[in-house]
Amino acid sequence: MSEITSSIPLQINPDLQEERDKASFNVTELTHIIYGGIEKTKKRKRLEKLLFSDPFFQEYQNVRAFGSRSEYYAASVKKSTKIFKLRRQHKWTDEEYETVLDICHDDLALTLHHTMFIPALERLATEDQKSKWLTLAKQYKIIGTYAQTELGHGTYLQGLETTATYDPQTREFVMNTPTLSAMKWWPGSLGKSSNHALVLATLIISGKKYGMHPFLVQLRSMDDHKVLPGVRVGDIGAKMGGNSVDNGYLILDNVRIPRNNMLMKNAQVSPDGKFVTRGPSKANYATMMLIRVQICTMAYQVVSSGATIGIRYSAVRRQSKLDPQDREPKILEYQTQQYKIFPGLAMSYAFLFASRSLTRKYEEAFAEIQRGDFKSLPELHCLSSGLKSFCSEHSVRQVEIIRQSCGGHGYLNAAGLGMLVNAAAPMITVEGENTVMYLQLARYILKRFAGAMSGQQLDGSTSYLSMDPATYVCPVMSETDCRNLTALCDIYRYRSYMTVCRVARQVQHDMESDMPQHVAINKNLVDLVRAAKAHSYYIVVKDFVEGVDALVASAPVIKVLRTLCCFYAAHGIAEYSGDFLESEAVGLHQLKWIKNLQVSLLGEIRPDAVALVDAFDYHDITLSSALGCYDGNAYERLFKSTENDPMNKEEVHPSYYQYLKPFMEEMNKSKL
Ligand SMILES: CCCCC/C=C\C/C=C\C/C=C\C/C=C\CCCC(=O)SCCNC(=O)CCNC(=O)[C@H](O)C(C)(C)COP(=O)(O)OP(=O)(O)OC[C@H]1O[C@@H](n2cnc3c(N)ncnc32)[C@H](O)[C@@H]1OP(=O)(O)O
Ligand SMILES: Cc1cc2nc3c(=O)[nH]c(=O)nc-3n(C[C@H](O)[C@H](O)[C@H](O)COP(=O)(O)OP(=O)(O)OC[C@H]3O[C@@H](n4cnc5c(N)ncnc54)[C@H](O)[C@@H]3O)c2cc1C
């Protein structure tokens, strides 16, 4: 009788325990730093316990893995409503609620209600409108979404075709979808869940267009959820990931809404049809900016989850031989394995500090904007556009590398990595496609560079563009200098300066050669994106260095974070060495030293790798990975996961009787 069972051992896998025993620092201390203090960590733990003591959250994982699209959506609606009810029952603050959403770590069917609908009402509605709709939305008496993108246009907002035509007779707006390409297409939670939508449409008064504005439109009956007259709405179909969300389409046919359903904080239409604006026209883009900032935090969560799975699994998986006399080593011992996974580990901490710094800047600027002071809006727009693109691009790519590093098992849904990559992939597209957002940053950088050239003193993230490049000497004079974080940061800064300078001069030269501006810009788009990427890389490295420098922590924690920071910076220079050489931020000698350092740091990080991911303190249900579980019993958990596979329900699958049996009978009878 075989001894093989799918029961999970109670003890931690000794291979993982061994890793934890040799950590050079206190993991709990680092966890507190990550979550913003001991109280916050404790609160998160309490919330985790409360949520996951409900068996539903475990069952949900099975539906997610094995259910049909419709079952998965239904379970996710259930999950959303459970969380909403718990929020009310326990009177969670906004911060506690955000923590719960982080713990849940995956798309809720009603996600748009809290990620965009409520924030949009908060930012775009007048106080009167807020007291009506925001209150209803926060009490879940209405469920809404943010319907901006159309089949024909997502990026180019000036191209949106949905119209809101003011009728002064009835004091209503008439909402219309004039063409196929004008139908709303993509908004999350639109297809089946929402009964209201914030529809972004072109305002028309007396035949004149006044740009894009937000209109609150009821889509479904509050009695039976049936679609209202003039509204056509549905789900747009299965996607690569995020299939718990009903991204939808919406067609409006002469749907009339009261005048007061236009959100009028930034622009108003008076009863007799007069249009008045307050603040800059881009104030209506405020919700997008918020989510761009949040995507940086999501990118941190994505890459740190991937790193946790990859590192824990690599510490319990043994394969092949290093020392012919010894047993098979943990795959984490292979330098190549470290080279695949440790960049994701270092990136996690880099993005933690960068997203924290960006969030702080956003909050400061938002407070100013609330007071009617918009001066920091352009800087914030460009910083958030660049970092949103940089963090999403790098995190998704890195998690895919980690998935590959887990060999065959990484390809299983039970590993959690494929689902993570597919769920995270849209971060690259949503809230502004990355290339387009990099170009927004590049446009800003070019203007600032031109300002610096004409003697303006710059401040904010681009202040370095007023540097005198002639004074630059590579600050790495010897191999030991390579560990100097400020020196590494200076190298990034100079690379960015030179990349910006080169493209700015090229654009200027092209324009001086009588090329129309749009032709000159398009001819240099690739280099403009390069400049935006170089700038964003510099900002992330700078935030990491400054974040570690400012940390109040024990010496071992500071030491390990400095090592990671050094590795992150050195790795980037090694990976993009062509750019760094071309810009003469480093010479060949420096590059060689930095590459040596990059590889030798792998060995320094190795003993602390497991502890560094343990510090993220992800709950097993949050990670949802047989390979990345805290106890390291990966094989048992993989085998256990097959029990829930509906394919294994019957000893003989019904398809046998339907197809295989008759086929085999026919084959057996055949004389050929
Ligand atoms: C394990 C953890 C798992 C966690 C979960 C994992 C994964 C989750 C994955 C994904 C889910 C992520 C998030 C979920 C939440 C929401 C879902 C997504 C919702 C959406 O997806 S919702 C639609 C978003 N859809 C866009 O995002 C459209 C992008 N397209 C634009 O945004 C514009 O169209 C633009 C900017 C390209 C051109 O706009 P335009 O044509 O009007 O302007 P123009 O080019 O003329 O520029 C004139 C002047 O405005 C300035 N300017 C522009 N924007 C500004 C702003 N915001 N603030 C201040 N200034 C701004 C410029 O800088 C310039 O300034 P200047 O003139 O001084 O140079
Ligand atoms: C999962 C998911 C959820 C979403 N949720 C919502 C939602 O809730 N609400 C909502 O309103 N929308 C939503 N969207 C839509 C999303 O915001 C858009 O898809 C996004 O803004 C990109 O626009 P697009 O699809 O028009 O891309 P496109 O602009 O068509 O991009 C296609 C290509 O064209 C290039 N391109 C376009 N313009 C330029 C340019 N000016 N310069 C250089 N290159 C350019 C891009 O770089 C890209 O390579 C969602 C999308 C997804 C995938």
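Cβ coordinates come from backbone N, Cα and C, glycine included.
Positions annotated as domain 'Acyl-coenzyme A oxidase N-terminal' by TrEMBL: 26-143. Taken from TrEMBL, the feature FAD binding site covers THR149, GLY188. If you look up TrEMBL, you'll see 285-446 marked as domain 'Acyl-CoA oxidase C-alpha1'. Sequence annotations record features per position, and here TrEMBL assigns active site, proton acceptor to GLU431. The domain 'Acyl-CoA oxidase C-terminal' annotation in TrEMBL covers 485-665.
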Other CB atoms within 10 A, centred on GLY188 (FAD binding site)
28
By DSSP, what is the split of the domain 'Acyl-coenzyme A oxidase N-terminal' (26-143) into helix, strand and coil residues?
94 helix, 0 strand, 24 coil
What does DSSP assign THR149 (FAD binding site), in three states?
coil
Far apart in sequence but close in space: which same-chain residues, 6 or more away, have a Cβ under 8 Å from THR149 (FAD binding site)?
LYS184, TRP185, TRP186, PRO187
Any idea what the Cα distance is from the residue listed as 'active site, proton acceptor' over to GLY188 (FAD binding site), rounded to a whole Å?
12
Can you count the other CB atoms that lie within 10 A of the CB of the residue listed as 'active site, proton acceptor'?
23
Where GLY188 (FAD binding site) sits in the secondary structure, as DSSP reduces it to three classes
coil
Taking every residue in the domain 'Acyl-coenzyme A oxidase N-terminal' (26-143), what is their average pLDDT?
94
